[in-house]
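Under the heading ATP binding site, Swiss-Prot lists GLY680, PRO681, ASN682, MET683, SER684, GLY685, LYS686, SER687. For 7-20, the entry in Swiss-Prot reads compositional bias 'Low complexity'. Feature annotation from Swiss-Prot assigns compositional bias 'Polar residues' to 35-55. Here Swiss-Prot flags 1-83, 103-133 as region 'Disordered'.
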Amino acid sequence: MLRPEISSTSPSAPAVSPSSGETRSPQGPRYNFGLQETPQSRPSVQVVSASTCPGTSGAAGDRSSSSSSLPCPAPNSRPAQGSYFGNKRAYAENTVASNFTFGASSSSARDTNYPQTLKTPLSTGNPQRSGYKSWTPQVGYSASSSSAISAHSPSVIVAVVEGRGLARGEIGMASIDLKNPQIILSQFADNTTYAKVITKLKILSPLEIIMSNTACAVGNSTKLFTLITENFKNVNFTTIQRKYFNETKGLEYIEQLCIAEFSTVLMEVQSKYYCLAAVAALLKYVEFIQNSVYAPKSLKICFQGSEQTAMIDSSSAQNLELLINNQDYRNNHTLFGVLNYTKTPGGSRRLRSNILEPLVDIETINMRLDCVQELLQDEELFFGLQSVISRFLDTEQLLSVLVQIPKQDTVNAAESKITNLIYLKHTLELVDPLKIAMKNCNTPLLRAYYGSLEDKRFGIILEKIKTVINDDARYMKGCLNMRTQKCYAVRSNINEFLDIARRTYTEIVDDIAGMISQLGEKYSLPLRTSFSSARGFFIQMTTDCIALPSDQLPSEFIKISKVKNSYSFTSADLIKMNERCQESLREIYHMTYMIVCKLLSEIYEHIHCLYKLSDTVSMLDMLLSFAHACTLSDYVRPEFTDTLAIKQGWHPILEKISAEKPIANNTYVTEGSNFLIITGPNMSGKSTYLKQIALCQIMAQIGSYVPAEYSSFRIAKQIFTRISTDDDIETNSSTFMKEMKEIAYILHNANDKSLILIDELGRGTNTEEGIGICYAVCEYLLSLKAFTLFATHFLELCHIDALYPNVENMHFEVQHVKNTSRNKEAILYTYKLSKGLTEEKNYGLKAAEVSSLPPSIVLDAKEITTQITRQILQNQRSTPEMERQRAVYHLATRLVQTARNSQLDPDSLRIYLSNLKKKYKEDFPRTEQVPEKTEE
């Protein structure tokens, strides 16, 4: 918003009236994050581009006055006359508090690739003159009835700080979503790759990242800063002085702002100094960019440990197309697109965050699955909930606006508060219909959400609102409709002057309509009154059935625009009446705003129930979306054991974009056979299969049904993929170098609870080196209990099963079809996965045969390949002892698995064990019949 300039004075000095020169008494106290801040205690300013007054404090948290040497406007500058916003006695002091600047302009920051530095959060300089432009929008002060920001546009600000010295690697993070008044704190130890930090930031998808200036110093930046800037090229960076990362101040902010019901977070973070330091800097910065403060005891603050959810790194999220399609970079053909049938922005955001951070707690997942199952079985519950949920607005953004207290009383701030109070009334009136829709639900989670709707505070807040706000004031589409709702929101007889102002406004609107009607009669034209938020009232006319004399409108009409056969224009008299209308509106908004602020101050003590309502609505919306997705396909409820078993599973995204249902395949991975080597020709389905496994795993861990006839999953705490093999020109990385970086990341971070999917590792270098690298990587991963699926063209790797009994070989089948027209064989892809090594040898050469390569070249390639293969494979046969140990190993793992997971009755279990014993006896003699000497 525009801030009229004033003369620069010391904040601690008494204000002087520009017109009279008389000394005014200082303004009363202002809120500052729940604290009362007097003009004498306003923070000091240090501006790089202007000389700073002596005496500026260098200690964190010091509050002393200073003045800027930047040019100032004339002493008699003042706001426009007639406005109820901006010409109050406190105007000068408020402007001094809000007109602060950064130490470097945004343009210079862009040129040097270093972020601009915020020397102190507040400044008396003029932001117009300092050249600083804020990238973060002011949320909620839009007069429009629609959201200021779309549901998925970035709106998160993150502060990141790292320990120094022996504490290097200890990371503190604090983030706030401008559309959701919730602060999330994190503190964790990271390694030198900073994988956890990068992954966490990718999930948050920040609009802006704040760091300490000592971490980003030109020529001496930390490794963390370098890695973040490399991975987030399109994110804005801002640095502030290290002293504002103050853990003591951070703890004070939490004590002052956190709602009592969430105050247990204080116990969790008391000794977590780095996340406290991050939240101190974050809140100070948000106060600056939003030009507002949060009301005391109004924020939800929580601590999230890294162990509460599964980790999916950003490269894997891109490879699996969780949110963005790799072809057109949209969210249509993605896992999000498959599951997203949400009706509210909050539900959509919740689905997105769950896909990127799946749950790891089996009990919580099963509670969600119980809900989805009940929604599928009870159509009345499903459609009843869906009908009510679709009527909710963005409750999270609504809360975000309600809990902020603007530093300046502007027209936009007033209009926003009035609008959001109407939205709040609309939201609270949906609580009873939501309760009615849920009254017959049975599952524990749905019953818990139903219980949260029984909170008496919903009724208390709604009753307080209805004592002030008209019963028929409601949310309506269209800017003119919402303007009318805002004007007449407050009941009559509460403020006599407000009633008079509204009558005046009504008369002006009637006069405008009458004037346009008279103009239509005067010129015999079909004129009609129209309205837009930008132009106010104007005149429109269509020329379908009339002919204009000389193809011109009367000279009285000005600002004429034409779109097809429709004219839009105004007149000098209408412009004057619009000005009168706007002046009347400002009076109405001012008086309504005063009443609304008083009402909101009485609501803040009950605000916790609104957070519960927001959580309930977004969760119900997501669960309904899961149920909706199930009705469109034959998904099945997953089970959770220590085995990954999928019967006839298929790729969910491929199903959505294909005309025919994808080919289904089985998957079976256990602790005894936790390493699958998958071979097959190019385009046989290896990459699609790997992605399918990961997508099904994620769907199961967020509480969704999965595309299969039966499915059982082991909880994966990390999901890694190495699939993409494109060169990265921006970072000067070849295919091979990119492969090595990705596989190194996996090896550094994988553990026993990981799901690892690797596709064609080593193809970026020569065959010998590729095989050597793959073999070494396989041996390392085999030392873990992670579930690994390794797709490769190196058939030599298949013989590793002779050394490691937990290796299983699988392959994709192909069929050979005679091409009668060209008298050659063609490959028919079945996309079916089978056990054992592929019978296809040299399928690359077969693909070359059907290409345009000369036959002589293909023949030479075959001869050379045969010689190389004979040399490599001549000593890779297993001994009888290896085969015997392998058989014993598989029997033991089957017995352990049966003991852990069997749900068979005693008789069936006895039969199963008997059959298992027979199979072992049948297999065991064969191992003894293998000749001792296998050398040719």
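Cβ coordinates are placed from backbone N, Cα and C, and glycine is handled just like the others.
On the structure: features taken from Swiss-Prot.
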residue : record           : contacts (Cβ under 8 Å, 6+ apart)
MET683  : ATP binding site : TYR829
SER684  : ATP binding site : PHE812, GLU813, VAL814, TYR829, TYR831
GLY685  : ATP binding site : ILE663, PHE812, TYR829, TYR831, LEU833
LYS686  : ATP binding site : ILE678, THR679, GLY680, ASP759, GLU760, ALA791, PHE812
SER687  : ATP binding site : ILE723, ASP759, ALA791
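Within 8 A of the CB centroid of the ATP site residues GLY680, PRO681, ASN682, MET683, SER684, GLY685, LYS686, SER687, the other residues of that chain are PHE812, TYR829. Summary: among the binding-site residues (GLY680, PRO681), the fewest other C-beta atoms within 10 A of the C-beta are counted at PRO681.
The number of other CB atoms found within 10 A of the CB of ASN682 (ATP binding site), across every protein chain shown, is 13. Following the DSSP three-state reduction, the secondary structure of LYS686 (ATP binding site) is helix.
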